[in-house]
Amino acid sequence: MRTGNRHKWNMEHMPGPRLMNDMLILPTGDILIINGAERGVAGWDTARNASLRPYLYNPNRPLGRRFSLLRPTRIARMYHSSAVLLPDGRVLVGGSNPHNRYTFSNAAYPTELRLQAFVPYYMDRQYHPLRPSNVTILNHIDDGVVYGGEFHVRFLQGRRPSRDVEFVAYAPPFTTHSMSMNQRMLRLRAKSIERGEGGWFNVVLEAPPSPNVAPSGYYMLTVVNKGIPSLSQWVRFIHGS
């Protein structure tokens, strides 16, 4: 995030028209755009051309090259669909009911009760050597981590983590109706990283400074090494006594 008063907007064109989509921040910082339709409006069975192919938006790429097209699904996810990031890195996708009531037949897009798991590229087996594992939060108090305080994390890595290893805390929303209430991701400051025996690394992290930055509640803590995330562990940020 940049501070100051001199800002401007940049226009980015999506690969195609899309409405009723859901958007999630992935542990890598990329944005997953999933579900929805290409034309029409939300309810009452008025949308058409289901958007079966998710988009991935990488904000670090040059303008005009930030969108990627991902593998399509066979299940239309229209109005009343939703998506949520899971601690293991997958995205749980469900729902779709563009009708006044549940409608399972004689409709262009019937009510959908099946669930799917979208598996991002970073979960592929080829990335396992880079993936941090056994992430453990060691010394936070029973209720959580106090704002501005330190807490210790350790993880296992077969080879030394890259210099751009990151520690992110993610507040997961319930994403539906194209809204992601309370969704945010923070990169936490690592005050020290020390290598132990057997491939273990011990890290001292600094909690967010206040609820203005991270509203109190539960976050998924993830270690990201060279763009490959670990499984996440839950951590709670709280006020001190």
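A Cβ is built for glycine as well, from the same backbone N, Cα and C atoms used for every other residue.
Taken from TrEMBL, the feature domain 'Glyoxal oxidase N-terminal' covers 3-122.
In the domain 'Galactose oxidase-like Early set' (141-236), the DSSP tally of helix, strand and coil residues is 3 helix, 54 strand, 39 coil. Annotation comment: TrEMBL describes 141-236 as domain 'Galactose oxidase-like Early set'.
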Original post:
Would you list the DSSP helix, strand and coil counts for the residues of the domain 'Glyoxal oxidase N-terminal' (3-122)?
Top reply: 2 helix, 35 strand, 83 coil
